[in-house]
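Structure first, commentary second.
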Amino acid sequence: MALFWCTEALPLAVTALFPIILYPMMGIMDASEVCIEYFKDTNILFVGGLLVAIAVEHWNLHKRIALRVLLIIGVRPALLLLGFMLVTAFLSMWISNTATTAMMVPIAHAVLEQLYKTPTGKDVEEGSDNPTFELQEPSPQKDVTKLDNGQVHPVPPASSEPKEQKDRQRVRFSQGMSLCVCYSASIGGIATLTGTTPNLVLQGQVNSLFPENGNVVNFASWFSFAFPTMVILLLLAWLWLQVLFLGFNFLKNFGFGGHEREQEQAAFHIIQTEHKLLGPMSFAEKAVSVLFVILVVLWFTREPGFFLGWGNLAFPDKDGKSMASDGTVAIFIGIIMFLVPSKIPGLTQDPDKPGRLKAPPALLNWKTVNEKMPWNIVFLLGGGFALAKGSEKSGLSEWLGDKLTPLQNVPPPAIAFILCLLIATFTECTSNVATTTLFLPILASMAQAICLHPLYVMLPCTLSASLAFMLPVATPPNAIVFSFGGLKVSDMARTGFLLNIIGVLVITLAINSWSFPIFSLYTFPSWAYSNTTANCMVNQANTTTPRP
């Protein structure tokens, strides 16, 4: 399966179905046991989270948020870069990284075109109403022409800089803007449990391999750990892109002492015009916003850990744990979206049936969901869980763990750092879901074998799987940005290489500092004990606390 996933000889989701056929034939697991792995609580959370994301996308709420933030931040080069990164990262926390990138790249290119447009023959205001400015995903070919045929190269006569230098600056800034969108989509996805699929793979694997873990990885605990990591990485990525594509002249980057005021006004005007075209918020947008806020609040307060959540109080099991999961909440809000109308119900008559009132359509309908739901990921997640369960049942995990016991002599921070580098390299060539699916069960076995808290290696490696910054094929956002033209593979590889290193260092910092109190990483947990970890009980002194 690893070979098929890496080479993509078959579609990823088809390879994920292998355990259903092979496990019963090899005598590893019953068919009924294998099939249960394909629709676990984590898959439900994935489907529920996507129902809400599809509603946000369907009613164009994400476009309104994006334009509003850009209007607040402004269009000076460094701030424009930061604005696009903040918006993209925030949106990709909740909706798919691919959808976020597909929406933000055309906005970025349209704003850039206005920023470098020459107001010849008409005033700047007229020039800014550009009929080609469509926020829907345009055809990549059209954009390549726009970038490469030189039609947006002219410089304002007021500028004292030579034309070639100005053109070079424009191309560099255009490349920086493109890369900032795809990188921040990948970085933003790590902040929430539903932001990107590897996070859900981790939750599912932990629950599958360690059933007694007490729901240690939930929405609130993951957010507390990953959100600060995401913010630090995003700011460092912004500084790196600024230095690489705008240069070290920070005064000019922030718009002080430049001659580009007219172009900045034109670019600002185009964002303003597009925002006005959206009109006032519709009832559907307001309803989706309210339901989205309710979803996030319910996720955070279900079982936060530091106080009793509504899950513990309203739906406790015999141990006082919440019987409702994050998936329960996501599906609950998803079902409400199929019930709530998209307009305030009025007394509109049905033209086809006179005398009968016509009901407005709901916020979501199955046709929209069916078109936009990536069902292949549901199978891919399930295949990963089945693979992990099979490795455990067959004894493969135990055998691998035994082989990795020499690592006991290596300091835990060094193990985590080396593994992060390994995963970050591996994920450049393979799907991030396949990477986490393959590595996490092995890492869990290794941690048990050397008496290390399993999450101490599983958490950083899950985050590292999202550090796919170097190649266009590494992740869909990179491919979308590359298809718009103006970028060479070498540009992406050069920029992404250092960003990968920065990412690994930030993740290493996170796992050795604020993750300790959140996940109680100080000692080997009772829920990870098995027959192979008997020595861990005796020698509890070997903890995951970083050694000097």
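From the backbone N, Cα and C atoms, a Cβ is placed for every residue, glycine too.
Automatic, uncurated: that is what TrEMBL annotation is.
Annotation comment: TrEMBL describes 12-31, 43-61, 67-95, 222-251, 283-302, 322-340, 438-459, 465-485, 497-522 as transmembrane segment. The region 'Disordered' annotation in TrEMBL covers 121-167.
Counting residues 6+ beyond its ends, the transmembrane segment (497-522) has Cβ neighbours under 8 Å at 183, 187, 216, 221, 224-226, 228-229, 232-233, 236-237, 240, 413, 416-417, 420-421, 424, 453, 455-456, 459-460, 463-464, 467, 469-470, 543-546 in the same chain. With respect to Cβ pairs under 8 Å, the transmembrane segment (43-61) is most closely packed against 322-340, considering the stretches 67-95, 283-302, 322-340, 438-459, 465-485. Within the chain carrying the transmembrane segment (67-95), a Cβ under 8 angstroms from the stretch's Cβ atoms is held by residues 49, 52-53, 56-57, 101, 103-104, 107-108, 111, 115, 173, 176-177, 180-181, 183-189, 191-192, 194-196, 230, 234, 237-238, 241-242, 246, 250, 252-255, 264, 267-268, 271-272, 274-275, 278, 292, all 6 or more beyond its ends.
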